[in-house]
Amino acid sequence: MSTGTFVVSQPLNYRGGARVEPVDASGTEKAFEPATGRVIATFACSGEKEVNLAVENAKAAFKLWSKKSGLERCQVLLEAARIIKERKDEIATVETINNGKSIFEARLDVDTCWQCLEYYAGLAASMAGEHIQLPGGSFGYTRREPLGVCVGIGAWNYPFQIACWKSAPALACGNAMIFKPSPFTPVSALLLAEIYTKAGAPPGLFNVVQGGAATGQFLCHHREVAKISFTGSVPTGVKIMEMSAKGVKPITLELGGKSPLIIFSDCNMENAVKGALMANFLTQGQVCCNGTRVFVQKEIADKFINEVVKQTQKIKLGDPLLEDTRMGPLINAPHLERVLGFVKLAKEQGATVLCGGEVYVPEDPKLKHGYYMTPCILTNCRDDMTCVKEEIFGPVMSILTFGTEAEVLERANDTTFGLAAGVFTRDIQRAHRVAAELQAGTCYINNYNVSPVELPFGGYKKSGFGRENGRVTIEYYSQLKTVCVEMGDVESAF
């Protein structure tokens, strides 16, 4: 498959173990190929009747799935992981076409997906409660039970990965899931749905409904939905909290960020530069946990800036399906204009553009309508600038300098976000001291933007709550029942 050739020819909803057209609609959406600007799909947004059918299907599957042993669920998840691994190139290609990230990155994303399913397959087979001895031979025990029908609402920057990260722990715990992808990237979640069915999941266990805000509202308000997990923007997260509160539904929110990356003067310079690039330019900078506020100690600022600019200018832009491309297009035209607007405003507020920040037109004529821009480095930034305070969600790195550890910690924590943070230093005591003081859910020491499925991921402050990945996520997709057993006579107060 090559750029400019892919067209969706099948329905994009998945219900009852098959692709289906929605029975009713709340509007239509178009999905684009960011590299070319070409429409690859026009689809109906699921209406209330379609959402109701998806929930009914999921409820029926839940009754079967929740009665299976942990080992039986483990076997299905392991088979799904095997199929994902087997179809890695196909999935990565579809992801690249619909999202715009390089095929190199997309393959790495798919690796984290089968790893996630394998990890939770192992936990499915080992979930257990506790036995508590009580006086007189009586005892109590706990049961970890599934919630029911869970809803996952995904973002467009990691469409397939987010679908896996939300569904794997949900299914491991015995739940069913209805997944709503972003309307910008509706395609790859269908591949996961088909894989689960092929792996032996009951029809309806993982359903996909397409749509925008209205479809999301139908899901959040549905009385049979037990839990919602959302990845996306803070304003949308707030609305989901409000809707979920009316039904007293537990939620997981993974929202935005404006994360600090602190570079101390004693760092390994080569690694720090690599870390800064990883913290800013993966997926064209469209990553919620990116370390876009790069604080560099004054003693090494000039050297660091020179090197990071040199390496940034080497990044290969172009057709995301080519093996040597390392940066593809942004997700769509409005988002490209938004990111370019941040760069323009930064210059107006006094920042200096050392490289990039401009529209890029690849030589290949089929890419001339793609949504490309050159990766941007900003210096002479201040903490009060818009580019330092607001999430840009594009390939824009803002560099600030600092003097002391105490100073940089105060400035790094001066944000309403708290998704991630990073520190580069050779001083191991300082590294752990700084990580302890940073107000963020995930802190990196001498690395950035690595996502082992064994480690929990999630935010502080307005970056959300709850966690993806790691053993703890089991607690967010299950509920604890206490059983108290009396082995003697009842001692009554009456």
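Note: Cβ is positioned from N, Cα and C throughout, glycine not excepted.
Looking up LYS85, LYS101, LYS227, LYS303 in Swiss-Prot, the residue bearing an annotation of N6-succinyllysine is LYS303. Swiss-Prot records N6-succinyllysine for one of LYS30, LYS198, LYS246, LYS389, namely LYS30. Residue-level annotations in Swiss-Prot identify, among LYS59, LYS166, LYS274, LYS59 as N6-succinyllysine. Put simply, the two farthest-apart Cα atoms among LYS180, GLY232, SER233, VAL234, PRO235, THR236, GLU391, the recorded binders of NAD(+), are 24 Å from each other. Using a 10 Å Cβ-Cβ cutoff, SER233 (NAD(+) binding site) registers 15 neighbours.
Geometry remark: LYS303 (N6-succinyllysine) versus LYS180 (NAD(+) binding site), CA distance 46 Å. DSSP assigns LYS59 (N6-succinyllysine) to a helical segment in the three-state reduction. Each residue contributes its Cα atom, and for LYS180 (NAD(+) binding site) and LYS344 (N6-acetyllysine) these two points are 34 Å apart. Distance noted between the C-alpha atoms of SER2 (N-acetylserine) and VAL234 (NAD(+) binding site) is 36 Å. In the three-state DSSP assignment, the secondary structure recorded for THR236 (NAD(+) binding site) is helix.
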